[in-house]
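Student: Found this in TrEMBL, in case it helps:
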type	residues	note
BINDING	Arg13, Asp69, Glu70, Ser71, Lys111, Gly125, Asp126, His204, Ser205	substrate binding site
BINDING	His82, His107, Asp108, His178, His204	Fe cation binding site
MOD_RES	Ser17	phosphoserine
Amino acid sequence: MEPEAAKDKDSFRNYTSGPLLDRVFATYKLMHTWQTVDFVRRKHAQFGGFSYKRMTVMEAVDMLDGLVDESDPDVDFPNSFHAFQTAEGIRKAHPDKDWFHLVGLLHDLGKVLALAGEPQWAVVGDTFPVGCRPQASVVFRDCTFQDNPDLQDPLYSTELGMYQPHCGLENVLMSWGHDEYMYRMMKFNKFALPPEAFYIIRFHSFYPWHKFGDYQQLCNEQDLAMLPWVQEFKYGHSHGRAWGRGSGGFTGQYGHGHGHAWGGRLGGFMAAIPVLQQVRPLHQELQPARRGRAEALLPRAR
């Protein structure tokens, strides 16, 4: 820990000023120009086989020692620190939910795509649906989408775009990046985590929805029920960041380098380059009584 580096969590996500703003804006400008329906579909086809490389979870975390997220206006240190910060923040808030701690560790591992040659604008940053007009809270919306070819399309440039009202986010084509890649990799390898874990991984960077309330026209009842879990994840995520650089007590409990506490359950996590073929179960499904206790801690969306 470096206490002098700690920040108030409310000061994060400043997209109007700061020493990293030029780098951040350039990343989003490229993202908002080239993330289109066609581009996303091509990436699904390119990476959907998960056959490039096999590695363990801790090997993937260690790879992130070499990655600084160019879309992040708050930090300028390797993403591996962020993995442990997030897991520690969630562990402190929910000490009884080991699956939730694990989601904190795993949530950004898809960023290894950037270390395999993918440009950062196709890996990092806030996500948004393609195939419809970007809504007001999308970062830099008013000054970065001018050259996106989809917005010249009479269908894709409407509020609903190519979607039906309340079709559900599961049926929406999200911009391509580490969230979607990691979600699909986990599904491909049949990770034995509760449904909430998959949902958090897929939508944790969808800030226009879970933070600002946009894109409600696409949401169904499942999305509203899952929203509190994504928001709770982001709460732990922010608290972890506020502690500054380092892994805190997380590495002491779980063992950085060996993953002792989860070693057997992590099995052969083939994280990515586009990684993974098969992985052992990471976590047994929550028992009904335990799931009920977990859900009782969070407000139900209405």
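Cβ atoms here come from the backbone N, Cα and C positions, even for glycine.
Please treat TrEMBL annotations as automatic predictions, because they have not gone through curation.
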Student: Neighbours of the Fe cation site His82, His107, Asp108, His178, His204: Cβ within 8 Å of the Cβ centroid, same chain, sequence order.
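Tutor: Checked against the 8 Å cutoff, the neighbours are Asn79, Ala83, Thr86, Leu106, Leu109, Gly110, Lys111, Asp179, Met182, Ile201, Ser205.
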Student: Of the binding-site residues Arg13, Glu70, Lys111, Asp126, Ser205, which sits closest to His178 (Fe cation binding site) by Cα distance?
Tutor: Lys111
Student: Suppose we draw a 10 Å sphere around the Cβ of Ser205 (substrate binding site). How many other Cβ atoms does it contain, all chains included?
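Tutor: There are 23 such Cβ atoms around Ser205 (substrate binding site).
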Student: Among all the protein chains here, how many other CB atoms are within 10 A of the CB of Lys111 (substrate binding site)?
Tutor: 27
Student: Just name the most isolated of the binding-site residues Arg13, His82, His107, His178, His204, going by other Cβ atoms within 10 Å of its Cβ.
Tutor: Arg13
Student: Taking the Cβ of Asp126 (substrate binding site) as centre, how many other Cβ atoms lie within 10 Å?
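Tutor: A 10 Å sphere around the Cβ of Asp126 (substrate binding site) contains 21 other Cβ atoms.
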Student: Using a 10 Å cut-off on CB atoms, tell me which of the binding-site residues Glu70, Asp108 is the least crowded.
Tutor: Glu70
Student: List nothing but the largest Cα to Cα distance in Å, as a whole number, among the residues Arg13, Asp69, Glu70, Ser71, Lys111, Gly125, Asp126, His204, Ser205 that the record says bind substrate.
Tutor: 19
Student: I need the nearest neighbour of Asp126 (substrate binding site) among the binding-site residues His82, His107, Asp108, His204, using C-alpha distances.
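Tutor: That would be His204, the closest of His82, His107, Asp108, His204 to Asp126 (substrate binding site).
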